[in-house]
Each structure stands twice: as structure tokens, then as C-alpha cells.
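Under the heading NAD(+) binding site, TrEMBL lists Gly90, Ser91, Ile92, Ile93, Asp94, Thr112, Thr113, Ala114, Ser115, Ser121. Under the heading glycerol binding site, TrEMBL lists Asp117, Asp164, His244, His260. Summarising the annotation, TrEMBL assigns substrate binding site to Asp117, Asp164, His248. Here TrEMBL flags Asp164, His244, His260 as Zn(2+) binding site.
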Amino acid sequence: MQLPREVLLGENLKGEVVNVAKRLSLGERALILYGPKTKEIAGKDVEKNLKEAFEVSSLIVRDATMGEVERTLDKIRDENVNWLIAVGGGSIIDVAKLASFKASIPFISFPTTASHDGIASANASIKDLGAKTSIKAIPPIAVIADVEVIKTAPYRYLAAGVGDIISNFTAVKDWQLAHRIRGEYYSEYAASLSLMSAKMVIRNADIIRLGNEDSVRKVIKGLISSGVAMSIAGSSRPASGAEHLFSHALDIIAPKPALHGEQCGVGTIIVAYLHGLRWEKIRETLKKVGAPTNAYELGIDPEYIIEALTIAHTIRPERYTIFGKDGLTREAAEKAAKITGVI
Ligand SMILES: NC(=O)C1=CN([C@@H]2O[C@H](COP(=O)(O)OP(=O)(O)OC[C@H]3O[C@@H](n4cnc5c(N)ncnc54)[C@H](OP(=O)(O)O)[C@@H]3O)[C@@H](O)[C@H]2O)C=CC1
Ligand SMILES: O=C(CO)COP(=O)(O)O
Ligand SMILES: [Zn+2]
């Protein structure tokens, strides 16, 4: 199991990157990855600080695709880069994660949102030939979570982070099912850590909904623990089950998908119902933090919700979940979505 060597959570950390990179002896030549927005939000400042101590080149990454990973790898080879830093959301961090793994160089994760639990995990979710695949890579050598930066993101992103964490309840249930039915490897320790994060967001929903610095700290800690649980498991199993397959299906078929964590949160309500869990408690927490709990709030037509539920089992057939081998019938999908108030 590999884990980050340093995790910093605090304020004004855009300059601290230099000290971390020096402490960890990462080397002379750095490559900074950011998106068009995150360049302005924090990327430019981090780059400026780094340039005082390192040779730095930069790359704008637009989405988490194999093409973007290849483009990053070309830059790493052309410029003899020693280490990477990703300043952005889950997509940018995943591209850095896979590119640094393929190039055998370290990377630093500098999240600009608290919307996903890929911040510290060792697996990268990359789109290849349509669907998202989960690829084993390396965790960041350091995580630098600057609350000042993350706080600037619209509140919607923080609520999405809650959705991504709460999905651990159903992900662990699916994992246990696969362990019993398919004899799949199961780690009780990873599962417990993952569940701990999910319980924590339920307990702290009132604090989180305030959207202040304390809220950001609570959610970030949950996201990091969830990522560590995935690293311990050696796969995304503790944090990605049927609810994630539902979200990946929506990403393929919905004309305008919502945020990953928002879709996973709604998926968790439905999948908790299918598992016979207390889905009302999941919905209540999501409502409390202001995350979407239905198709209307996701901005997705109910027809796509039903279709996503019926095709989700085809996305990663090797990942056994409550959807089983054959998936939900249209009638079952419609019934589950109606009973839980999603459509
Ligand atoms: N590997 C793993 O373990 C995990 C991976 N994931 C993956 O992460 C991705 C989801 O991440 P998520 O962060 O939700 O989405 P994205 O990384 O796709 O980012 C969504 C948008 O938010 C913008 N953004 C980022 N930071 C800010 C900010 N501070 N203020 C305003 N806008 C901002 C981005 O800007 P810009 O255009 O500049 O990039 C982008 O346009 C999915 O691909 C998912 O599969 C999710 C969980 C776990
Ligand atoms: O999003 C994840 C955990 O929150 C993990 O990603 P995958 O669903 O791509 O495995
Ligand atoms: Zn997720």
C-alpha cells in the first residue's frame, strides 16, 4: 500500500508548495497542470511561487481522458520533468495521477474544490472509449489543501463532496456482496475507514451546510480518509459501487451531466433503497447540506435517470454490485426512482 508522505490542510498554502517540494527533494524541473479556470483561481500563483525555486513549465488540461494523459506524458518526456503538481478539481488530479505513474515520477495534489475523494487516492478515473475506467496508479506524494482556495469554489462543490463521501455506505455494501457472492478480496480495515468518513458527514451535516472554513475542513478530511481507504484496498471498491456506475452511466447518456458527487449522492439514495438500507437518512443528509436529491435538482430529465439505472451494470461488468449481472428492468428502475422521490 502506498500513501501520501505529507498532508497539509490550512490557509495560505500557495507558497508552501516550494517548501514541500524541497523537503521531499523532488528535483529541479516541475510541470504544473491546471484547468482554464483553476489556472486563474490558484494555478498562476502557485506557478509564480514555484518559479522562484524551480524550472517550471505548465499545461492546461481540459478533461480526464487518455488523450490528456498522453499529452502530459509527451510534455514530461520532452522537457525532462522530475515531478508534477496538479492544481484543480478531480479531473486534473486524475490526469496527473496516471501520467506521473506512467512516467515513474512523483506528483503533488493541490485541490481547488472539496467535490470528490480522488484528492489523495491511488486510483485514477479516466475516460477511455466512452466509459470511465478506474486505473491503478500512485497516490500523490503530498496533498496540499488550501482552505482559502477551496472556500472560493461555489457552495455546490462542497455539497457534491458530501455526495461522493455518503456513497461509501452503498459502495461498501456492494463490496461485501461481491465478497460473499464472487469471493472478491475484501478489506475490513479499508471498509471501516470508508464508512467512518460517511458517518462523519451525516454527523456533521449541520456544520457543513454553513459553508464556512470549518465546513471545508470537515469535508476535506472525509475526502482524504476516503481516498486513503481506496489506497489501502488497492482499488476504488470502498468508495465506488452501484451508485457510481449510475453516475458514470449518466455521464455517458445525459446531455448535460451534473457534478460527479451530485450524481453519486442521488445514486446512493436509490441504491440504499435497493439494498434495504435506511435511504431516507441519506436523502435527509443530502437535503440538509443542500445537495441535489432528485432529477429536477440535478437538472437531468427523469428519462435519463431510468435509462442510467438500466444500463449501469454494463459499464464495468467485472465490478459486481446490487445491479447484478443482468441489471434492473425498466419497471424496477422506475419503481425504485419513484419510491425514493428521485423522479
Ligand atoms: N480517482 C478517484 O479516486 C476519484 C476520481 N473522481 C473523478 O473526479 C472528477 C470529478 O471531480 P470534480 O472536481 O467534481 O470535477 P472536475 O474536475 O471535472 O471540475 C469541474 C469544474 O469545476 C471547476 N473548478 C475547479 N475548482 C474550482 C473552483 N475553486 N471554483 C470554481 N470552479 C472550479 C473546473 O475548472 P477547470 O475547467 O479549470 O478544470 C471544472 O470546470 C470525475 O472525473 C470523477 O470521476 C472522483 C472521485 C474519486
Ligand atoms: O469516484 C470514485 C470514488 O468516489 C472512484 O472512481 P471510480 O468509480 O471511477 O472507480
Ligand atoms: Zn466518486
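Glycine is treated like the rest: Cβ placed from N, Cα and C.
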Binding-site residues near Asp117 (glycerol binding site) (Cα-Cα within 10 Å), from Gly90, Ile92, Asp94, His248: Gly90
Inter-residue Cα distance where the pair is His248 (substrate binding site) and Asp94 (NAD(+) binding site), in Å: 15
C-alpha spacing of Asp164 (glycerol binding site) relative to Gly90 (NAD(+) binding site), in angstrom: 12
Asp164 (glycerol binding site) as reference: those binding-site residues from Ile92, Thr113, Ser115, His248 with C-alpha within 10 Å of it: Ser115
Binding-site residues whose CB lies under 6 angstroms from ligand 2, from Gly90, Ile92, Asp94, Asp117, Asp164, His244: Asp117, Asp164, His244
Chain-internal residues near Ile92 (NAD(+) binding site), provided their CB is under 8 angstroms and they sit 6+ positions away: Leu33, Tyr34, Gly35, Thr38, Val61, Ala64, Ala86
Cβ-Cβ distance under 8 Å to Thr113 (NAD(+) binding site), same chain, at least six residues away: Gly89, Gly90, Ile150, Ala153, Tyr157, Leu158, Gly161
For Asp164 (glycerol binding site), the number of other Cβ atoms found within 10 Å of its own Cβ: 34
Mapped DSSP class for His260 (glycerol binding site), helix or strand or coil: helix
Sequence-ordered binding-site residues from Thr113, Asp117, His244, His248, His260 with Cβ under 6 Å of an atom of ligand 1: Thr113, Asp117, His260
